[in-house]
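Quick look at what Swiss-Prot lists:
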| type | residues | note |
| --- | --- | --- |
| BINDING | Asp158, Asn190, His239, His321 | Zn(2+) binding site |
| COMPBIAS | 1-40 | compositional bias 'Low complexity' |
| COMPBIAS | 550-606 | compositional bias 'Low complexity' |
| REGION | 1-74 | region 'Disordered' |
| REGION | 545-606 | region 'Disordered' |
| MOTIF | 347-351 | motif 'SAPNY motif' |
| SITE | Trp392 | site 'Interaction with PxVP motif in substrate' |
Amino acid sequence: MSATSTRSSVTRKSSLSKSSSSDKSAKSSSNSSKSPTAASGNKQKMQYTKTRERMVDDVPLPPTHKLTMSEVYDDPKTGKPNFDALRQHFLLEGRIEEAVALRIITEGAALLREEKNMIDVEAPITVCGDIHGQFFDLVKLFEVGGPPATTRYLFLGDYVDRGYFSIECVLYLWSLKITYPTTLSLLRGNHECRHLTEYFTFKQECIIKYSESIYDACMEAFDCLPLAALLNQQFLCIHGGLSPEIFTLDDIKTLNRFREPPAYGPMCDLLWSDPLEDFGNEKTNEFFSHNSVRGCSYFFSYSACCEFLQKNNLLSIVRAHEAQDAGYRMYRKNQVTGFPSLITIFSAPNYLDVYNNKAAVLKYENNVMNIRQFNCSPHPYWLPNFMDVFTWSLPFVGEKVTEMLVNILNICSDDELVAGPDDELEEELRKKIVLVPANASNNNNNNNTPSKPASMSALRKEIIRNKIRAIGKMSRVFSILREESESVLQLKGLTPTGALPVGALSGGRDSLKEALQGLTASSHIHSFAEAKGLDAVNERMPPRRPLLMSASSSSITTVTRSSSSSSNNNNNNSNTSSTTTTKDISNTSSNDTATVTKTSRTTVKSATTSNVRAGFTAKKFP
């Protein structure tokens with residue numbers, strides 16, 4: 001709802017109130033001759049003055065009742081949540097009790113924790129890509145892909161962030177996982193982590209709709225999500241892509257996934273890497289190159305993909321992670337098998353309400369692969385950053401209140417301004433008078449000596465005029481703030497990033513108007529490529545929190561941990577080392593040790609980027 005529509009509603013209300021007396025008299029005089037049309041018109045007018053009725057009555061009011069434990073877990077025999085009741089309640093923007101949400105999340109996490117890093121799934125199955133908090137499109141996805149009771153599903157991650165219904169997606173998918181633990185599989189995406197959910201919208205959404213404890217429970221559950229799936233022993237299904245440190249499928253099985261994804265390394269690559277833009281038509285022979293679009297991980301080439309497939313006896317790699325105009329993309333075929341070496345699936349239609357893209361799911365059955373596309377579904381509107389309508393309307397209310405006050409004060413004439421001063425005004429007058437020095441008569445030749453007021457009435461007039469001027473200035477300031485607030489919200493709504501264009505605030509109102517002229521309906525985003533280009537900044541890994549500095553500004557403290565012992569379970573690393581900032585590749589100690597070292601900034605940077613990249617950029621699979 002814009003301020004324009006709000007003002008028009010207020011105008012209608014005021015006009016109705018002004019004519020209410022005349023309407024009543026007309027109604028009493030011509031009650032017998034009143035036509036049905038006039039009666040319906042009066043009834044329609046009166047609707048605008050009823051504060052308990054919704055202006056847009058075709059949008060149902062969200063339910064205030066939160067589903068209880070007995071309403072969600074309504075079958076004591078199965079002990080499983082009623083996902084149908086959850087779906088219907090979430091479609092109405094309803095919520096559930098926090099204890100119910102915690103139970104769903106923890107029970108789902110317990111099931112995910114028991115699964116391996118790479119799970120085995122069999123056809124027939126429906127493979128789905130990114131969801132990104134678009135719950136109403138997730139419901140449409142199940143309509144297209146088939147009911148979960150009779151259809152196997154594999155989701156490739158990115159269930160949260162960017163959209164405003166992320167927690168509904170998590171609770172609904174987790175309830176399906178509890179109900180169908182063997183036929184519905186969930187993988188981890190790059191957004192299922194603390195770093196991105198704090199930077200984007202999921203944490204804020206959890207706090208607004210529930211509490212921070214729900215967010216913490218979700219983060220623990222995300223740490224349990226598997227990293228990959230092997231479909232029919234033919235297709236490797238992951239969220240991102242290949243890694244220069246992963247040569248075989250066994251390398252995935254030995255990773256420690258129960259943690260926050262690091263900023264580099266094989267786990268990061270599985271979640272963040274992308275194929276080259278010119279995949280299949282590369283001009284270099286490098287298998288991996290730095291991913292400048294994401295700001296982390298790598299681009300992998302067609303040659304790297306084909307060699308990985310050949311070494312692991314696979315047919316293709318199925319991944320998500322990148323928005324696609326058609327909802328999917330088939331890359332260059334493998335020359336050996338004649339099958340696409342890489343397939344990307346994206347299941348969030350009209351991504352961010354700006355991309356205008358289709359969504360797709362991949363159905364694999366009887367050795368036949370079908371792509372089913374679908375369009376977006378209507379969903380309720382949320383103001384940016386979950387702003388409520390009262391916060392949004394404060395600039396408008398402030399402007400109108402000060403405008404009313406100025407109009408009231410301007411009604412007084414000059415004679416009324418000096419009539420009957422109150423105690424506060426008298427006190428202010430005394431302060432004005434005592435400012436005149438006592439020896440003013442002895443310094444008549446001193447030009448700097450202030451003169452006494454000509455009269456009490458003139459001083460009263462001047463004081464009140466100054467107050468009116470101050471309120472008038474305040475009114476103009478509120479008006480400017482309200483206009484700029486509307487411009488900022490409009491700009492955020494026109495950009496896929498939800499952020500203002502660079503420099504939009506630097507020049508004040510003029511720069512905001514110029515930015516709006518560049519993003520008006522006449523020059524709106526015309527293509528998928530244009531939207532993707534504007535959103536590129538949000539596809540990068542956000543900057544991480546700065547490391548703790550030591551006493552010397554030229555060094556930082558880092559902790560390295562080396563381990564040569566075998567892992568406690570099949571998901572931990574064996575004979576590998578995990579580091580917070582630097583990599584320990586010596587493995588000289590036979591016991592677990594923690595070493596504190598001081599290194600320069602350049603050393604840390606080279607250890608985390610240059611050295612790692614140089615070791616694997618052109619390295620082929622053994």
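Keep in mind that glycine also has a Cβ here, set from the backbone N, Cα and C atoms.
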Cβ contacts under 8 Å made by the motif 'SAPNY motif' (347-351) with residues that lie 6+ beyond its boundaries: 128-132, 134, 137, 140-141, 162-163, 320, 323, 327, 357-361, 374-377, 496, 531
Could you put numbers on the helix, strand and coil content of the motif 'SAPNY motif' (347-351), residue by residue per DSSP? 1 helix, 0 strand, 4 coil
Return the average pLDDT for the motif 'SAPNY motif' (347-351) as a whole number. 97
Residues flanking the Zn(2+) site, with Cβ no more than 8 Å from the Cβ centroid of Asp158, Asn190, His239, His321 and excluding those residues themselves: Asp130, Leu156, Gly157, Gly189, His191, Gly240, Leu271, Trp272, Ala320
Please give me the CB contact count at 10 A for Trp392 (site 'Interaction with PxVP motif in substrate'), counting all chains in the structure. 17
Over all shown protein chains, what is the count of other CB atoms within 10 A of the CB belonging to Asn190 (Zn(2+) binding site)? 26
Asn190 (Zn(2+) binding site) - helix vs strand vs coil (DSSP): coil
By the DSSP assignment reduced to helix, strand and coil, which category contains Asp158 (Zn(2+) binding site)? coil
Within 10 angstroms of the C-beta of His321 (Zn(2+) binding site), what count of other C-beta atoms is obtained when all protein chains are considered? 26
